[in-house]
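Data first, discussion second: the structure below is written as structure tokens.
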Amino acid sequence: MRIGHGFDVHAFGGEGPIIIGGVRIPYEKGLLAHSDGDVALHALTDALLGAAALGDIGKLFPDTDPAFKGADSRELLREAWRRIQAKGYTLGNVDVTIIAQAPKMLPHIPQMRVFIAEDLGCHMDDVNVKATTTEKLGFTGRGEGIACEAVALLRKAEK
């Protein structure tokens, strides 16, 4: 078994909505990013790539490449997952923690889990998403941005 950890953060800027876990969430602010700014899927993609020793999202989909301008993070996740599967791995489980003072994530978490399970071709029981605040401390607590951490467990596929 192999474990990977991912982290991502984006500052608020411009107008909303925002996309988190593949879900469009109404909010007065947007997130500044080269792609769609989906911190949850970026952290998850990094965790999966790390577990497979395939680098990180910035290596695979560099923000210096215009091809990824405004990219759909679900597509990036699916492409990373194809590469991981090609290396002979299957999914154990994933756990995603969104860190944001606002907007509230709880109403959107069920759909995030559905999208992630679809993109990874796994059962929803293998996908956990949760959200927390920092009790108004730090940049997320001041409403300056959103952060996310993710962990992933991979297994070598049986032959």
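Glycine too: its Cβ is placed from the backbone N, Cα and C atoms.
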Q.
According to Swiss-Prot, Asp8, His10 bind divalent metal cation; which one of His42, His108 is annotated to that same site?
A. His42
Q. Taking the center of the Cβ atoms of Asp8, His10, His42 at the recorded divalent metal cation site, which other residues in this chain have a Cβ no more than 8 Å from that point?
A. Val9, Leu31, Ala33, Gly37, Asp38, Val39, Ala40, Ala43, Ile146, Ala147, Cys148
Q: Tell me whether His42 (divalent metal cation binding site) sits in a helix, a strand or coil according to DSSP.
A: helix
Q. C-alpha of Phe61 (4-CDP-2-C-methyl-D-erythritol 2-phosphate binding site) to C-alpha of Thr133 (site 'Transition state stabilizer'): distance in Å?
A. 29
Q: State the Cα to Cα distance, in Å, between Pro103 (4-CDP-2-C-methyl-D-erythritol 2-phosphate binding site) and Thr133 (site 'Transition state stabilizer'), rounded to an integer.
A: 10
